Amino acid sequence: MTISCLLRIRPALAKSFFENGQRAFASHAAFAEHAKLERIRNIGISAHIDSGKTTLTERILFYTGRIKEMHEVKGKDNVGATMDSMELERQRGITIQSAATYTVWKDHNINIIDTPGHVDFTVEVERALRVLDGAVLVLCSVGGVQSQTLTVNRQMKRYNVPCLAFINKLDRMGANPYRVLGQMKSKLNHNAAFIQLPIGVESNCKGIVDLVKQKALYFDDQLGLTVREDEIPQDMRTECDERRHELIEQLSNVDDAIGELFLEEKTPTPQDLMGAIRRSTLKRTFTPVLVGTALKNKGVQPLLDAVLDYLPNPGEVENLAMIEKKGEEPQKVFLNPARDGKDPFVGLAFKLEAGRFGQLTYLRCYQGVLKKGDSIFNVRSGKKVRLARLVRLHSNNMEDVNEVYAGDIFALFGVDCASGDTFVTDPKLELSMESIFVPDPVVSMAIKPTNTKDRDNFSKAVARFTKEDPTFRFAYDPDVKETLVSGMGELHLEIYAQRMEREYNCPVTLGKPKVAFRETLVAPCEFDYLHKKQSGGQGQYGRVTGILEPLPPHQNTVIEFTDETIGTNVPKQFVPAIEKGFRQMAEKGLLSGHKLSGLKFRLLDGAHHIVDSSELAFMLAAQGAIKSVFENGSWQILEPVMMVEVTAPEEFQGTVIGQLNKRHGIITGTEGTEGWFTIYAEVPLNDMFGYAGELRSSTQGKGEFSMEYSRYSPCMPDVQEQLMREYQASQGIAVPDKKQKKKN
């Protein structure tokens, strides 16, 4: 039976799946419970904003029979994409939260996480990649590799996630998949090659060529349900032969079997190529590149086939846990992915969400089996929970299941936990899985309820959102008597402000954005501080000697403490108190009141008293030591620098460059393509506020930009002077003149 025959009967299959219930497994949930390990894929769909991720997911759900009809992003048909379940998402046409779903394709169960592309929601991508086995990296054939693509690529590398690349939007004016492949090699450092080629681009996009099987694929009828195989068009055969040879050549560099065939000048069979692509993709030494246009319903079914052929099942990925016993070094253990239930259950909570029926906790099962009615233990808190319901998720809809196995993604109700917690059924298992990397917030805003009577709802909203999203922080600043929220960008905080009004009927007022500046030393500074207090009875005595020194630039967002003492001048039981005193003082600097960072506290020596020394005495000694360094050291203020990418028609290039220069930007690169240009620049975040409106007005609404955090860097002398003056005015303090000169 040909592919076209198979796919012509898919609507009938979908009908029986949804309506007749005549299959052995009456629903996707039932099928998922019985799937074998080799027939499971856990994948994420990640990319830069507006690359077409949500549209692609909508097509996948339709072709696999999961939904009966397709809807568009931005809710143009008043419905909106299935995976954008939040009303705000459908209005703005962006994905804010990672929606989870599962579907079935060719008897394989596929769990899909659709992730946000906007940099302000990057923690959602982190959470998704942590629990996935493979990913589809979606790239726009016009925009190519953009700023958030670089971020997603780094995240995939951090969690060692194998990926396929899908170059989308072949139908767009200016589509150039060949340029995008070049960017993947130069900017992402991927060993990538086409395994498909487009048959025409823009309005002439007719289908794709499968270079592995050497066949042309056409997607007939309006919905693209029928995939028709045909011979490669005559005018494309030379190009296809060249690209296939390029594919074989790149595979030969990373796969021994293909390398031998290449040296012997033998032509590999399609089976040889598929085996080599799978092996090298799993090892992350090769990235297969597919093409298509999700909006025009071309290339989606072959992408699904590639997910089955080239991405790993849960048994092909090594998942580690740590055995953490008190007083012992943590031991690494490999978790058993077999779906036989012989080993005890181990799961990781990777996302929290307030649902209609209480808190919803998303988990991935890494080992064993979990059944409805079982009791689970939170390893961190030791709390025991009995499970009344197990559910699988389809966007914001739920299907109850009786049990879940290793490799499954599911959700629970009524479990009090934090994101990154490990759950087990055996309380003796002291296992902990690696937690999820959470970036520090870069922007703060003052926030308050518009009406004082809404304070209760405001408190509930803040408590829920800070629990759901670890990058959303909430604090009260006693110096300015303001409540502050911090996050990954203006959009991040604006979205939460709008959600407070929509979901809690609590309108809020946001203040002007405030940048998270940092303070650090320019050069090492020694300290020798004695804290001594005698007031009758037991006194206080503690002396600390050491060096406070700046860390290298790539570590300027952290602070470190090292105990380099020899002997018993500083008893070991007092060292944690010294570290505590240092970290408390690091919360507020002298120049601008911002946190200290990029510093290393080296404790070299000290002294104690047999009676008067205590933890409090040494903590106060450490604080006194930092105060002495405030007075004697040379300090500077650091500011977050953003990697900015601006795209606009080329007639506005001079204007855009001028605007970036005015905002203290450093141009790092430019690109041009068919009447459009892209500029890459590094700009201080403090200078980026209000840029969106300025860019729109100066480019007649045609320009767009994106930015992501790059690093902390010393701020300009005039900015440092201004920050110091503002802080002094608010505190009524004066700083010695020597502090106001930044030493290089």
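Residue numbering: from 1, along the chain as shown.
Note: Cβ is positioned from N, Cα and C throughout, glycine not excepted.
Per Swiss-Prot, the features are as follows:
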BINDING   47-54, 114-118, 168-171  GTP binding site
DOMAIN    38-315  domain 'tr-type G'
TRANSIT   1-25  transit peptide
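Sequence features, as recorded in Swiss-Prot, placed on the structure.
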{"residue": "ALA47", "record": "GTP binding site", "Cβ neighbours (10 Å)": "27"}
{"residue": "ASP50", "record": "GTP binding site", "Cβ neighbours (10 Å)": "19"}
{"residue": "LYS53", "record": "GTP binding site", "Cβ neighbours (10 Å)": "28"}
{"residue": "LEU170", "record": "GTP binding site", "Cβ neighbours (10 Å)": "27"}
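Taking the domain 'tr-type G' (38-315) as a whole, pLDDT averages 82 in the prediction.
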